[in-house]
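Some features that Swiss-Prot has for this protein:
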MOD_RES   S2  N-acetylserine
BINDING   C47, D50, H69, E70, C177  Zn(2+) 1 binding site
BINDING   T49, H69  alcohol binding site
BINDING   T49, V206, D226, R231, T272, V295, V297, T320, F322, R372  NAD(+) binding site
BINDING   C99, C102, C105, C113  Zn(2+) 2 binding site
MOD_RES   S229  phosphoserine
Amino acid sequence: MSTTGQIIRCKAAVAWEAGKPLVIEEVEVAPPQKHEVRIKILFTSLCHTDVYFWEAKGQTPLFPRIFGHEAGGIVESVGEGVTDLQPGDHVLPIFTGECGECRHCHSEESNMCDLLRINTERGGMIHDGESRFSINGKPIYHFLGTSTFSEYTVVHSGQVAKINPDAPLDKVCIVSCGLSTGLGATLNVAKPKKGQSVAIFGLGAVGLGAAEGARIAGASRIIGVDFNSKRFDQAKEFGVTECVNPKDHDKPIQQVIAEMTDGGVDRSVECTGSVQAMIQAFECVHDGWGVAVLVGVPSKDDAFKTHPMNFLNERTLKGTFFGNYKPKTDIPGVVEKYMNKELELEKFITHTVPFSEINKAFDYMLKGESIRCIITMGA
């Protein structure tokens, strides 16, 4: 029986309040409206961003809410005006979008869509501001326009990347956020040449994605920098050739790296959000050609300073959002990198849990035990 145009009742993991375990509830998911797509989610994974907003320590809490933004699924139905997607398509919902009409979308240099740029405070859909989720008639808020901790979700079509139907969704679902953020920061923004050296600041999931990018690019040395030495053995699996813990040195880490590399690395990628690490990442690149890329998100009031001579000596500092990938245009190509065995995804997946045990995924991340935990829907 077709569910097109009908309300679908399904299970979702609802966050009723900040920091409390998610509760599996039966929710009603309304049909997609104009420029929207309803997706059956098959696999989702937990990102640190989900945990950050679930804890709600640094922002206005918005509850009850359905979190989740790294996922893979199949289109169930499409709303009015959707022409590039149809039922049965294999897709990745993305936390940011590509309307295809704004100046950013028309620019080859930008992926910062005016309409669908990431918005953490919006609890409804762009079309009408309303939620497509409800329990007993009461709305449940969306998260990042994706809300993938639900067996069915409704997403703006501009936030949906159509991918190769042969790609295993339980693997490629992790491409839709953190991994691509790090990978693209290296491949698309830092752009190391084969044989060059790259320093990665922060060896969490995003930093390991950046290291994977350096490995794919053919970097000869990939130097990982982290305060947690327990991460070093794992980092070697991602192509990191040597690791440095700033706590082990009595001089600034940028000086340590400069001494290790005859004047500085060719490229650096900062993945922590620490202002101190941003300064270090910039000042550790070689003069004349060095490029540093900032990925980590700082606190709201943060600022940093560095001597202008660092720029005049031809060091370059760049920032990036989502690895400079346009969601609909570029993410299918990242999936193809996996399909042709250029990109290795399995090593990022450390745990798998059934949907009924989704809170275990939060435990693994809070304890620092996981890179990515796959949550199998319908299990």
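Glycine is treated like the rest: Cβ placed from N, Cα and C.
Between the alpha carbons (Cα) of D50 (Zn(2+) 1 binding site) and V297 (NAD(+) binding site) lies a span of roughly 14 Å. The Cβ of S229 has fewer other Cβ atoms within 10 Å than any other of the recorded positions S229, T272.
For the pair formed by T272 (NAD(+) binding site) and C177 (Zn(2+) 1 binding site), distance between Cα atoms is given as 16 Å, rounded to the nearest Å. Excluding C47, D50, H69, E70, C177 themselves, the residues of that chain whose CB lies within 8 A of the CB mean position for the Zn(2+) 1 site are, in sequence, S45, L46, T49, G68, F95, L144, T146, T148, S176, G178. Considering only the recorded positions S2, T49, C99, C113, V297, E70 (Zn(2+) 1 binding site) has T49 as its nearest partner by CA-CA distance. Excluding C99, C102, C105, C113 themselves, the residues of that chain whose CB lies within 8 A of the CB mean position for the Zn(2+) 2 site are, in sequence, G97, E98, G100, E101, R103, H104, H106, D114, L115, L116, G158.
Each of the binding-site residues C99, C102, C105, C113 was scored by the other Cβ atoms within 10 Å of its Cβ; the lowest score goes to C102. The shortest Cα-Cα distance from H69 (Zn(2+) 1 binding site) to any of the binding-site residues (C105, D226, V297) is found for V297. The most densely surrounded of the binding-site residues C47, C177, V297, judged by C-beta neighbours within 10 angstroms, is C177. F322 (NAD(+) binding site) is surrounded by 25 other CB atoms, counting those within 10 A of its CB over all protein chains shown.
Note on proximity: among C102, C105, C113, S229, F322, the recorded positions of the record, the Cα nearest C47 (Zn(2+) 1 binding site) is that of F322. Counting other CB atoms no more than 10 Å from each candidate's CB, the recorded positions S2, T49 peak at T49.
Considering only the recorded positions S2, C177, D226, S229, F322, C102 (Zn(2+) 2 binding site) has F322 as its nearest partner by CA-CA distance. Rounded to a whole number, the distance between the Cα atoms of T49 (alcohol binding site) and V297 (NAD(+) binding site) is 11 Å. Considering only the recorded positions C99, C113, D226, S229, F322, the residue whose Cα is spatially closest to the Cα of S2 (N-acetylserine) is C99.
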